[in-house]
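Feature annotations, reproduced from TrEMBL:
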DOMAIN    49-102  domain 'Trichome birefringence-like N-terminal'
DOMAIN    103-389  domain 'Trichome birefringence-like C-terminal'
Amino acid sequence: MIPHNRTVKVLLQALTVIFLVVIPLHLVNNSSTPLLSPKDNVMSIKLGKKCNIYRGKWVPYPNDLYYTNETCPEIFDQQNCMKFGRPDTEFLKWRWKPEECELPIFDAVQFLELLKGKSLAFVGDSLGRNHMQSLMCLLTRVGYPKDVYYPDPRFKRWFYEDYNFTLASFWSPHLVKAIDTDPNGPTYNRLMNLYLDEADPIWASQIETFDYVIFSAGRWFFGPQMFYENGQIVGCHKCLKNNIKNVSMFYGYRKAFRTSFRTLVGLKNFKGMVILRTLSPQHFENGEWNSGGKCVRTRPVSNLEMKLARDDLELYMTQVEELRAAEKQGRKRGLKFRMLDTTEAMIVRPDGHPNHYGHWPHENVTMADCVHWCLPGPVDTWNEFLLQMLKMEHEDSI
């Protein structure tokens, strides 16, 4: 049972955010989507018509795929569901349909023309990489980029020569400076030291020249963490140390986004647009990730059947609040902060995960993957959203 004070805290936070933003139907019992400003996620589709593309439903779409695992070499094995024998294909035959308009199909040429001479960076965890690889696969209809060598494996860069377009990925799952206290320990449960007031230098030292920066983070904050500020321990989450104040993961999560956004606002030469890609839901059923949970569904579910778990909802609301605050600060410098709100669409897609089709059966991998997304799959919709956002910004700048 949830303690009374915890219940009250969650209710107060929820009520506060409902006054600040309007939470989507799939998150709580409300039918609208958070708005940072009138044009953050109300996209211009055609003929000047405005439409919230994040409110809608999945509809059958039997047409050909944008790409396959044979035409896109960028798919990691862990998300290469077709390669590893996923037998069903119905999960590939749906498209997102906004309530009041049509979401155009992804046009690779249009995307690259919009970003000609520009640069785009993904900063965050493996779901950010999942998003980026979807984009690279979608762009294979036009061509393949050159892989630009960089000695640090946490940073990768590609160059689309015909369009003078640079795409980059920064591996930074906590966004802030993080030190692994046991690099050879278990992947999912080792203690991380997080310096909540210091942005991760892997991205912060190189991000100033990028035109677009997409942030995402989530699942890594569930593990054991020691929190530092001003070089001093201020608390920990799941560290099991009696002499250190226990604080929730939401404290560290909020601080990580706050520090990241403030870092960008504080970079003198940064003139780019900051985009938050909102929380990607997980879909373990009949158990948790470490206790036999799986994701075996083969089609979307109704929005009455699935909503965000309590912790995921709090993470989502935290992201939204911090982006709102950053938008106000950024406006003083002429910086744009935007929200790519993929959460509502993905809550009802438990069929889109690899489950056990990210490896061969004989590899004896016991944990299912109900966090990442098959490529191709529903995750490609994130880039349809992204293209519409970029088109809107381009229209407004003319």
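Any Cβ shown, glycine's included, is placed from N, Cα and C.
When the domain 'Trichome birefringence-like N-terminal' (49-102) is classified with DSSP, helix, strand and coil residues number 6 helix, 12 strand, 36 coil. The average pLDDT for the domain 'Trichome birefringence-like N-terminal' (49-102) in the predicted structure is 94.
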